[in-house]
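A.B. asks: Okay, here's the structure, questions in a sec.
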Amino acid sequence: MPICLLLTHLLIVLGSICTNVFSLTTIAQLRSQRSQSDEECFMQKLCNYEEMNVETICGNDGRTYNSYCEVKRAICHGNPVKKQFSGPCPENLRCQLERAYQLKLAAEKMNSSEVYVPECNATDGSYATVQCHKSTGYCWCVTRFGRPLPNTSKRYGIPNCHILQNERFAETKIGRRSHRKSNGDAVFLNVCSTVDRSTFNANLLNIFKKEYERSEQFLHQANGAMQSFDKKILLWKFGELDNDKNGRLSSKEFNGLRRLVRKHVTPKSCAKKFTKYCDLNKDGEISAREWVTCLGIDISSLID
């Protein structure tokens, strides 16, 4: 009897080891496939120079792409997007385009409930306040542009977005006076105004200029107009941050600058929101176009 028990335990242990080895092998294979996919989808490999030029395109998925090259990169990563029309996607069409696109994807999948399909407002075409994902049972609150609001998700229930948004408004800390409540108490918001944004951009650009002047490239630069010089500095800094040279700044590549900005660049109200402000299409990355746009340089000057 003890021998039988011992054999049983050995089989269980061996089975566990095999399972763990299989799991580790599977994870390693997935990571390898992802790494290979990322390498294959580098912009330099996918696109020629003309395709990488800055020219906004509205995709049929409701997203605004900064060049045709970005569309090709999305396709390379398995997103079968097509050009809807030239220019950015209008706010009143973004949700409708994404909804139609996701419904088409759902129709092509065997388990359509896994595909998230956004709900849109019938009146203005914006994203409905509450969005839900059928297969997971989660619902959450979003802005009219479809951006999820933190800490609002609820499983197997509908969150009260109106109350949650009011609570977030009331909890906002130091900032500028927005308006007074009926009892005379002031409500403050941590606002980065247009004037603040201009000051912030100038302060950050000055930091970049000092870095640029210490670089070897500065020794070989030709004199030119101030706008051209500012543009050159911004594109130089973008290239310095873009470690993998894929034309986009990931959160990891942006981390060092984010810390510097929050610590040393004023106004602080703009510094805290710098990353979110620059990520214009809210995809978690910052393209060259978004970079120069959020720092106040005329984007049309890039197409020379």
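Each residue, glycine too, has its Cβ placed from N, Cα and C.
Unlike curated entries, TrEMBL annotations are predicted automatically.
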A.B. asks: What does TrEMBL give as the disulfide partner of C139, choosing from C132, C141?
C.D. replies: C132
A.B. asks: Look at the disulfide annotations in TrEMBL and name the partner of C141 from this list: C120, C161.
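C.D. replies: Checking TrEMBL, the candidate bonded to C141 through a disulfide is C161.
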A.B. asks: Determine, from DSSP, whether C132 (disulfide bond) sits in helix, strand or coil.
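C.D. replies: Note: C132 (disulfide bond) is in a strand by DSSP.
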A.B. asks: Hey, does DSSP put C161 (disulfide bond) in a helix, a strand, or just coil?
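C.D. replies: Where C161 (disulfide bond) sits, the three-state DSSP reduction gives helix.
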A.B. asks: What is the three-state DSSP composition of the domain 'EF-hand' (229-264), stated as helix, strand and coil residue counts?
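C.D. replies: The counts are 27 helix, 2 strand, 7 coil.
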A.B. asks: Could you state the CA-to-CA distance between C161 (disulfide bond) and C139 (disulfide bond) to the nearest Å?
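C.D. replies: Checking the Cα atoms of C161 (disulfide bond) and C139 (disulfide bond) gives a distance of 10 Å.
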